[in-house]
Each structure stands twice: as structure tokens, then as C-alpha cells.
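> Take a look at this one; I'll ask things after.
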Amino acid sequence: MMNGGNLVDNDSAVAGGVEDMYGEDIATMGQPVTPWTVSVASGYTLMRDPRHNKGLAFTERERDAHYLRGLLPPIVLSQELQEKRIMHMLRQYKVPLQRYMAMMDLQERNERLFYKLLIDNVEELLPVVYTPTVGEACQKYGSIFRRPQGLYISLKEKGKILEVLKNWPERSVQVIVVTDGERILGLGDLGCQGMGIPVGKLSLYTALGGVRPSACLPITIDVGTNNEKLLNDEFYIGLRQRRATGQEYGELLHEFMSAVKQNYGEKVLIQFEDFANHNAFELLARYSSSHLVFNDDIQ
């Protein structure tokens with residue numbers, strides 16, 4: 001049942017597969033919703049907010065309360081019916097990468113429906129949003145890139161990583177999955193395009209572990225790549241230089257780890273993902289006593 005003019009009711013939150021553990025869905029309870037306010041999303045802006053957009057599932061009452069009249073077709077479709085429609089569409093695609101791209105598009109426009117779809121069809125969709133399809137997605141990330149889904153921290157940001165972390169809109173981050181892209185699955189050095197791995201892994205944190213999406217932060221550390229094909233690819237989205245090593249690499253990672261603790265506190269969990277073994281073991285040994293860290297590739 002809706003409470004006043006709330007954007008999302010508790011029932012829909014549970015139906016979406018993600019419990020409102022952090023009170024995000026009721027944060028605007030009791031606040032007036034007006035066309036000129038910026039503190040409460042409404043109208044066109046609301047429909048482009050993936051966390052709160054419900055697409056055709058907005059009720060008649062919600063459409064009136066949040067100035068959505070005319071911005072949607074007149075029919076109201078339940079989440080269940082939307083889920084059925086999207087699964088039908090996904091099954092029409094013969095190429096796995098097309099399914100991956102369709103799922104990423106859904107995540108970017110309707111987060112709640114994305115996770116409901118993934119939770120209810122986990123056996124069918126897990127290979128789409130993570131291995132093995134995510135490997136191909138990383139290889140072609142520069143070509144299929146639409147909009148950033150996490151934070152990119154490169155050598156260009158050395159000395160101001162804390163400022164970069166503060167650019168991320170969420171403040172209650174509890175889990176970070178970070179990669180430097182040097183050993184992505186069995187595909188080797190994919191540099192900046194390894195971002196698909198932290199994004200996919202954190203989707204599983206939510207769908208299978210119940211962690212609130214806004215508490216998850218995917219990060220790619222870009223120190224360059226030794227992949228000649230990527231360095232010569234006009235669509236490559238990362239630094240076009242050989243990988244930094246030694247002191248330069250160590251200083252960047254140390255600044256990153258210090259900034260994470262300063263910005264998010266000592267309890268934030270950091271998962272090192274797909275680092276080459278020579279760095280993976282060193283990072284784990286260096287920070288296991290000062291940070292909450294793990295690496296499921298080597299532990």
C-alpha cells in the first residue's frame with residue numbers, strides 16, 4: 001500500500017527483489033512533490049532515474065502524484081508482466097552479447113526490474129550478466145560502451161583520488177569490487193575495459209546476496225595496458241600507454257586504499273578482482289591487516 005505520496009511502496013520494493021535495508025525508498029516520505037522541486041524526483045527526471053523508475057508499472061495514483069501523465073502510455077503493467085515481456089525479448093536474441101547489452105540497458109533505466117529479472121531467472125541470466133558472456137563484453141567494451149557504471153581511477157588522478165571518490169553520488173558504500181584489468185578471466189590484459197567484471201560481480205552481490213545496489217561500487221584502476229590490440233584500437237576507452245609497474249603502481253594503489261578508508265570508513269569491504277598474481281598476492285599481504293579485503297582468485 002502506498003503511504004501518502006511516496007515514490008515507491010514497501011510491497012513493490014520487496015517484489016523488486018531488493019529489501020529497502022537503508023530506507024532509501026522512504027527517504028522522501030512526507031515531503032511535498034512539486035514540479036519545480038529538485039530534492040524529490042518527478043516527471044521526466046523521475047523516468048530517467050534508474051533506481052526509482054518503474055516504467056509502465058507506475059500506478060494511476062503515482063502518475064498523478066509525480067507528474068507522469070502523458071509521459072507514459074495509458075496502460076499500467078505490473079512488474080510481473082514487464083518481466084515476462086523482457087524475458088520473451090531476451091530469448092529472441094541468438095547472440096549472447098546482445099542479451100548482455102539488453103540487460104545492461106535495463107539496469108540503466110529500471111534497476112528494480114533488472115534485479116527482479118535476474119533473481120527470478122538466475123540460472124538463465126547468470127551466464128549473461130557474468131561469465132562467460134561478460135568476458136566477450138569486456139573484450140568489446142570500447143565498442144559497446146554507453147555510459148559509465150562505476151568509477152574509473154587512472155594515473156591521471158594520482159594525487160586527487162579522494163576527490164574522485166567524492167564524485168560518486170552514493171555515500172553509504174559498503175562493498176567495492178576493484179580491478180586493474182590485467183588478468184580478466186582467461187582473456188589476459190584488457191586494461192580499462194575490465195570494468196565489466198566489477199559491474200557484473202556486484203550485480204551478483206545484490207541478486208544473490210541481497211546487498212543494496214547503492215551500497216555497491218565497481219571501480220577500475222587504469223594504469224595502462226600491455227595489450228597491443230587495445231593500444232591500437234581507436235575505440236579503446238583507457239590510457240594508451242604501457243602498464244605502470246613498481247613504485248608508480250604501488251603509490252597509486254596505496255593512495256587509492258587510503259582514500260577508500262578515509263571516504264567510506266574502516267568497515268567498507270574491498271574485493272580485489274582479476275589482478276595478475278604478482279600484484280594480487282602483494283596487495284592482499286600489504287592491506288589485509290589494515291583494511292577489510294579479500295581476493296577470491298587466490299584465496
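Just so you know, glycine gets a Cβ as well, placed from its N, Cα and C.
All annotation found in TrEMBL is predicted automatically rather than curated by experts.
For 107-288, the entry in TrEMBL reads domain 'Malic enzyme N-terminal'. The active site, proton donor annotation in TrEMBL covers Tyr130. Per TrEMBL, (S)-malate binding site is recorded for Arg183. Look at TrEMBL and you will find Lys201 tagged as active site, proton acceptor. Residues or ranges marked as divalent metal cation binding site in TrEMBL: Glu273, Asp274, Asp297.
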> Which one of the binding-site residues (Glu273, Asp274, Asp297) has its C-beta surrounded by the most other C-beta atoms within 10 angstroms?
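That would be Glu273, with the highest Cβ count within 10 Å.
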> List the Cα distance (Å, whole number) between Asp274 (divalent metal cation binding site) and Lys201 (active site, proton acceptor).
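Distance between the two Cα atoms comes out at 11 Å.
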> C-alpha of Asp297 (divalent metal cation binding site) to C-alpha of Lys201 (active site, proton acceptor): distance in Å?
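If we compare the Cα positions of Asp297 (divalent metal cation binding site) and Lys201 (active site, proton acceptor), the gap is 13 Å.
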> Out of Tyr130, Arg183, Lys201, give those recorded positions positioned within 10 angstroms of Glu273 (divalent metal cation binding site), comparing C-alpha atoms, in sequence order.
Arg183, Lys201
> Using an 8 Å cut-off from the Cβ centroid of Glu273, Asp274, Asp297, can you name the remaining same-chain residues around the divalent metal cation site, in sequence order?
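My list of surrounding residues reads Thr179, Arg183, Ile184, Ile197, Phe272, Phe275, Ala280, Asn295, Asp296.
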> Using Cβ atoms only, which residues of the same chain lie under 8 Å from Arg183 ((S)-malate binding site) while being at least 6 residues apart in sequence?
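Listed in sequence order: Asp189, Asp274, Phe275, Ala276, Asn277, Asp297.
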